[in-house]
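Visitor: Annotated compositional bias 'Polar residues' per TrEMBL: 599-608, in sequence order. TrEMBL lists 580-608 with the feature region 'Disordered'. What TrEMBL lists as transmembrane segment is 223-245, 265-284, 305-324, 330-348, 369-386, 392-410, 422-441, 453-472, 479-498, 510-536.
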């Protein structure tokens with residue numbers, strides 16, 4: 001029995017023995033690969049070959065010396081997943097030689113494979129671009145799904161237009177959107193308090209540290225989203241310069257300067273070109289990103305710049321060169337003043353309504369833009385020979401300018417938009433009275449006492465800001481600064497008109513000084529804008545002001561250690577006055593009363 005079991009186990013072991021795969025193939029001599037290198041001799045390692053399945057082509061045994069390499073080329077063999085089963089079933093004769101191999105008696109020429117490294121990353125893109133990569137990888141047809149869809153919530157149709165165009169081209173577009181896109185697809189009107197709570201700075205364009213935005217901060221946004229309404233300030237600055245040089249060339253008091261009207265023509269053409277470019281880009285923003293435009297309109301400071309395009313058109317009409325047109329039709333004035341009138345009905349109504357956007361809460365120096373349009377329109381209408389319309393807009397502008405001027409001068413505690421330090425925005429104080437003086441002079445037909453009063457107010461405000469020019473340093477450049485240049489130009493033009501009435505050395509000198517100051521300011525801003533646009537490439541950063549969230553951040557409650565003998569009333573007063581602008585913090589803490597002394601004594605008695 002034991003012998004039978006032993007024989008049976010021996011048969012099973014003989015049946016289950018796995019033959020060695022590689023037997024008598026020698027590797028090609030490669031430095032450092034599968035052989036030991038020696039200066040005196042080279043010894044190749046013997047590697048395993050297919051056993052009985054491998055035979056020589058001439059039927060002879062392989063008696064060659066294995067110490068010498070038998071072939072000059074290496075062969076890459078792909079192993080099957082089940083080598084035992086494959087070799088037991090497939091008994092093909094393989095002849096390893098450089099010329100050919102024999103498979104079932106049919107000789108086939110051996111294929112030679114050459115391997116080359118495959119470039120990755122940027123090297124792959126560079127190879128495809130240079131044409132060195134013959135077989136570029138096939139693009140994934142579903143790659144559009146990987147595109148960033150976080151900006152779709154600011155689009156006009158939230159991506160519906162792109163899907164419709166894709167369907168028209170025959171490409172099916174998935175209707176599914178990411179959850180965060182669906183959540184922010186439709187924005188509700190943000191209350192004005194959210195802008196004050198989430199943003200800071202004189203222009204409310206800096207995000208507070210505790211706030212989050214809807215769009216990615218670490219990625220550059222599309223250009224249209226980064227193009228603000230304040231870009232029309234460039235048009236205001238350049239077009240006002242065209243008016244000033246036209247006045248210098250045509251006024252009797254400045255004949256000694258011998259100014260050529262060609263300067264006015266060149267500046268006017270540049271102004272028209274700049275306005276068309278800016279208007280076209282912003283029109284595209286209205287078409288494709290209307291939600292962003294709507295958020296700019298609700299912004300307490302940006303809303304005033306919606307008057308800038310129409311004021312620019314009024315400036316272009318006033319500064320039109322005589323070589324282009326001698327007179328303008330009166331219908332042009334009605335066309336330009338209609339949108340201004342509609343905007344004023346909306347903005348001025350909010351100022352008076354007493355709601356969230358009443359003037360005492362949203363008053364800021366940029367509101368002067370909404371008032372200046374009345375005086376510019378009155379100036380253009382009076383120069384065309386109109387009477388009632390210019391007087392109407394002059395009266396509306398005068399009434400609201402007085403209210404705005406007093407509100408800004410009081411610096412109410414409820415007004416959170418006024419900066420504590422001086423800022424170029426304060427030059428807008430000069431714009432309204434200087435243009436109002438010229439408008440009233442056109443309406444009256446002479447630079448009378450009313451015009452002189454307005455002019456002297458503008459001149460005093462100009463000087464009060466000019467002597468503090470050192471306080472305007474250290475501010476980050478923005479396109480809104482262009483809107484602050486036309487008040488300086490307006491003051492120079494008003495001085496020229498005043499010099500026509502009161503001509504002497506002082507007024508002529510003042511005219512030259514103010515004109516040079518306005519021209520140098522515009523030139524400096526032009527150079528700065530070019531540097532930021534083409535060298536630094538940060539002229540249009542991500543517009544954080546339009547991407548604030550409608551949800552307030554979670555406030556963390558802070559606990560303060562109460563000192564012995566201090567009451568809750570004293571701590572409340574201390575915190576109140578320490579957060580204000582007052583520096584007399586000690587005065588905010590009232591002296592301890594008799595009750596406080598009793599409490600302090602009781603606490604001492606209770607201590608062990």
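Note that Cβ sites are derived from N, Cα and C of the backbone, with glycine treated the same way.
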Visitor: Among the recorded stretches 223-245, 305-324, 369-386, 422-441, which has the greatest number of Cβ pairs closer than 8 Å to the transmembrane segment (392-410)?
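Guide: The stretch with the most contacts is 369-386.
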Visitor: So if I exclude everything within five residues of the ends of the transmembrane segment (305-324), which remaining residues of that chain have a CB under 8 angstroms from its CBs? That is, six or more out.
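Guide: Contacts with the transmembrane segment (305-324): 229-230, 232-233, 235-236, 239-240, 242-243, 246, 261, 264-265, 267-268, 271-272, 275, 279, 297, 332-333, 336, 339-340, 343, 366, 369-370, 372-373, 376-377, 379-380, 383, 480, 483, 486.
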Visitor: Would you kindly list the residues that approach the transmembrane segment (223-245) from elsewhere in its chain, counting only those six or more residues past its ends and only Cβ-Cβ distances under 8 Å?
Guide: 151, 154, 215, 259, 263-264, 267-268, 270-271, 274-275, 278, 281-282, 284-285, 288-289, 292-293, 296, 302, 305-306, 308-309, 311-312, 315-316, 318-319, 478-486, 489-490, 492-493, 496, 515, 518-519, 522, 525, 529, 540-543, 545-546
Visitor: The transmembrane segment (422-441) and the transmembrane segment (479-498): do they have three or more Cβ pairs under 8 Å, with pairs 6 or more apart in sequence?
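Guide: Since 3 or more Cβ pairs under 8 Å link them, the transmembrane segment (479-498) and the transmembrane segment (422-441) do come into contact.
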Visitor: Do any residues of this chain, six or more beyond the ends of the transmembrane segment (510-536), have a C-beta under 8 angstroms from a C-beta of it, and if so which?
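Guide: Cβ under 8 Å, 6 or more out: 234, 237-238, 241, 244, 248, 253-254, 257, 462, 477, 479, 481-482, 485, 488-489, 491-492, 495-496, 499.
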Visitor: In the same chain, which residue numbers or ranges, 6 or more beyond the ends of the transmembrane segment (265-284), come under 8 angstroms Cβ to Cβ?
Guide: 224, 227, 229, 231-232, 234-235, 238-239, 241-242, 245-246, 309, 312-313, 315-316, 319-321, 323-324
